[in-house]
Amino acid sequence: MVYVTISIVVGALISLAYLVNVWISFRQVSRDRQSEQRGRASEAAVAEDEAWFSWKAFVSIVASSAILYSIGKWAFLWNYVPFIAIGSAVAVIAAFTFERRKRI
Amino acid sequence: MLQANSIQPYVGYIVMVGLGLFMLVIALAVRSSLVRNTHDYIIADRRIGLGFGVGSVIAVWTWAMAVMMSSGQAYTWGLSGLFWFTVPNGIAVMAMVPFALKLRKVIPNGYTITDFIRSRFQNRPALVIAVIGMIFGIFLEIIINLKGAVLLMETIFGIKEIVILAVVILIVTVYSYFGGIWTSAITATVNTLLITVPAAVVTLFVLYKVGGPDVLFESLNKQDPQLLSIFRPEAAASFGITLALGLLASTVADQTFWQKVWAIKPQHVKRTFIWGGAWFYPIPIALGLIGLAALGTGLKLDDIGGDVTAVGPYLVSHLGLPLIIVVLYALLVLNACYSTIDGAFSALTSLVAVDIVKPLWPKLSERRLFAATKLSIVVCALVAAAIVMSGVNFVSLVLTTYAIKTSLLIPLILAIFWPRLTSRGFLWGIVLSIAIGLPVRIAYDELVGTLVIFGISAVVPVIWSLLSKEAPFDYAVLKHTKQLDDAEFFAGSAKGGPVEPSVGSIPQLGREV
């Protein structure tokens, strides 16, 4: 029950942070939209050259395979693995934060 | 350990309608702030950032059926089933990156992948088959997710199928109607939260309720140690390889993802798909543990009515868990269902506006185009509901859609990267792979049929194009073709000016009306 309680507490805190980030970003987009309406119309920006390969993609595939392999070896990991689902919500928060920092 | 399920149906209605109303409020707020015309509605003025991009990609790719299938495959094959279900799913999303980067660079003002096909080949049959493939794919997404919602709500709350279908389709149609892709991106981002956090809480509660990981681990080891291995070759042969190939077609040959490619700010396209694919992984991994828990407790397939997909909903509603935990699980699956249907509706609007309405009625005013675009959601919802409610076995629809999308994949990849590919090579690669591969798939098995489709769709275009004397295609043509602004476009339309609705000459669809 300890793990359940921790997940509820952590989940609630992350949810709050997540919704705050959604709200801030929504407000930002709305403001940008309004300023564009008053000024110029937007144009499609041109993408820059980027390498298509990403180590992060490779690492995520290896990591998820390793997690699946590991839970077949050690039972105690089963109590920790569900927390990575909350990690996905944290990743979205990180995406919002990263985007805001890039604007500054 | 298992108990009778005494949850009342009204709880299910509250969950379905409550979630729908919450999404509607968000949709109305989005509409009033961000959506003013067709351009905003179908492409979000190409202003979707990294946060909404990642959040929406995760939610759109998390189908209701996928949420339940992760438990189902773990229940059927043990960890090998979960491995072969999970790993290709994330790869399929990340595999969009090279294609997305190339086309976003070549066609900065693109709207749909079918519009690229139109401009690349100028071949009507090729375009028609691609549009049909995309629309069938969208219907399939909607229908499969509706079926997922039905399975969930019937198993947990005992609500009748027809009622679930009517309520779900009505709710998603209403809120999708209001905001287009902006609504889809923002509601889907909220959906991601309501999928991920409940997934962790519910799974941990289930593990606690069935006696903890040690008990399950020992039980699975006693039943068959292979259940705890990811290396069972049977899982790969029976569904893993076919699923992996099919999933690639489900992203690269799907307008739901291409719409996002052109709607997201260009500097965030790569990161969005990498993060979206990478952070999709935790969802099936966490929920797969519910399937292993069902297996460990000795739950028999007959107990759940023979459908392995229902193993998650059945276990969660028969363990005597607190009602709030069961509701969280239902919310999780419904969020996956709503977000995918919403994303499919949004993709449909871009296809309808750019590939159907504009080419057929080039002089249509912006106001009418906007109305027709939104109306397509209602029409699609009615047709999808009619198909599901009619009770017809839609296996043929699934097979046909799968065959078209699989046959599109390699020709589409060649079209994006290989300038020598000709329109006839593209067309005959698709036609022959469907004509030969689909019967093989029906007569033999999925794996053989899929490999035949892939083989023909790769070999025919390459040989046909190598034998052709056509000059290689110059992708720069797409980029440097004159771009009209809206004022010129609609003025030109009104005067009966020439408006060829293909990429490069397609205008930025209407801004302010």
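Placed from the backbone N, Cα and C atoms, the Cβ positions cover glycine too.
Residues 153, 156-159, 164, 167-168, 171-172, 174-176, 178-179, 182-183, 186-187, 190, 194, 327, 330-331, 334-335, 338, 342 of the same chain lie 6 or more positions beyond the ends of the transmembrane segment (B:12-30) yet place their CB under 8 Å from a CB of it. The transmembrane segment annotation in TrEMBL covers B:12-30 (among others).
As annotated by TrEMBL, transmembrane segment applies to B:50-69 (among others).
For B:81-101 (among others), the entry in TrEMBL reads transmembrane segment. Long-range contacts of the transmembrane segment (B:81-101) within its own chain (CB-CB distance under 8 A, at least 6 residues past either end) are made by residues 57, 61, 66, 69-70, 73-75, 230, 235-236, 239-240, 243-244, 247-248, 250-252, 257-258, 261, 269-270, 273-274, 276-278, 280-281, 284-285, 288, 291-292, 413, 416.
Residues annotated as transmembrane segment in TrEMBL: B:126-144 (among others).
The feature transmembrane segment is assigned by TrEMBL to B:156-178 (among others).
Beyond the ends of the transmembrane segment (B:230-252), by six or more residues, the same chain brings 61, 73, 77-85, 88-89, 91-93, 95-96, 99, 137, 402, 405-406, 408-409, 412-413, 446-447, 450, 454 to within a C-beta distance below 8 angstroms of the stretch. For B:230-252 (among others), the entry in TrEMBL reads transmembrane segment.
Taking Cβ pairs closer than 8 Å, the transmembrane segment (B:273-295) reaches residues 50, 53-54, 57-58, 61-62, 66-67, 70-76, 78-79, 81-82, 85-87, 89-97, 100, 195-196, 199-200, 202-203, 206-207, 210, 216, 219-220, 223, 227, 311-312, 314-316 in its own chain, all 6 or more past its ends. Residues or ranges marked as transmembrane segment by TrEMBL: B:273-295 (among others).
If you look up TrEMBL, you'll see B:315-338 (among others) marked as transmembrane segment. Proximity of distant same-chain residues to the transmembrane segment (B:315-338), defined by a Cβ-Cβ separation under 8 Å and at least 6 residues beyond the stretch ends, is recorded for 1-5, 7, 11-12, 15-16, 19-20, 23, 59, 62-64, 66-68, 71, 145-146, 148-149, 152-153, 155-157, 168, 171-172, 187, 191, 194-195, 198-199, 201-202, 205-206, 209-210, 290, 293-294, 297, 299.
Annotation source TrEMBL lists transmembrane segment at B:369-388 (among others).
Positions annotated as transmembrane segment by TrEMBL: B:394-418 (among others).
The transmembrane segment annotation in TrEMBL covers B:425-444 (among others).
TrEMBL lists B:450-467 (among others) with the feature transmembrane segment.
For the transmembrane segment (B:425-444), the residues of the chain that approach it from at least six positions outside its boundaries are 117, 121, 123, 125-126, 129, 399-400, 403-404, 406-408, 410-411, 414-415, 450, 452-458, 460-465, 468, judged by C-beta separation under 8 angstroms. With a threshold of 8 Å between CB atoms, the same-chain residues lying at least 6 positions outside the transmembrane segment (B:126-144) that come near it are 63-65, 112-114, 117-118, 250, 253-256, 340-341, 343-345, 347-348, 351, 355-356, 380-381, 383-384, 387-388, 394, 397-398, 400-402, 404-405, 408, 423, 426-427, 430-431. Within the chain, the transmembrane segment (B:156-178) has long-range Cβ neighbours (under 8 A, six or more residues past its boundaries) at 5, 7-9, 11-13, 16-17, 19-20, 23-24, 26-28, 30-31, 35, 146, 149-150, 184, 187, 313, 316-317, 326, 329-330, 334, 337-338, 341-342, 345-346, 374, 377-378, 381, 384-385, 388-389. Remote same-chain residues near the transmembrane segment (B:369-388) are listed as 37-38, 41-42, 138-139, 142-143, 146-147, 165-166, 169-170, 172-173, 176-177, 180, 345, 348-349, 352-353, 357-358, 394, 397, 509-510, 513 (criterion: CB distance under 8 Å, separation of at least six residues from the stretch ends).
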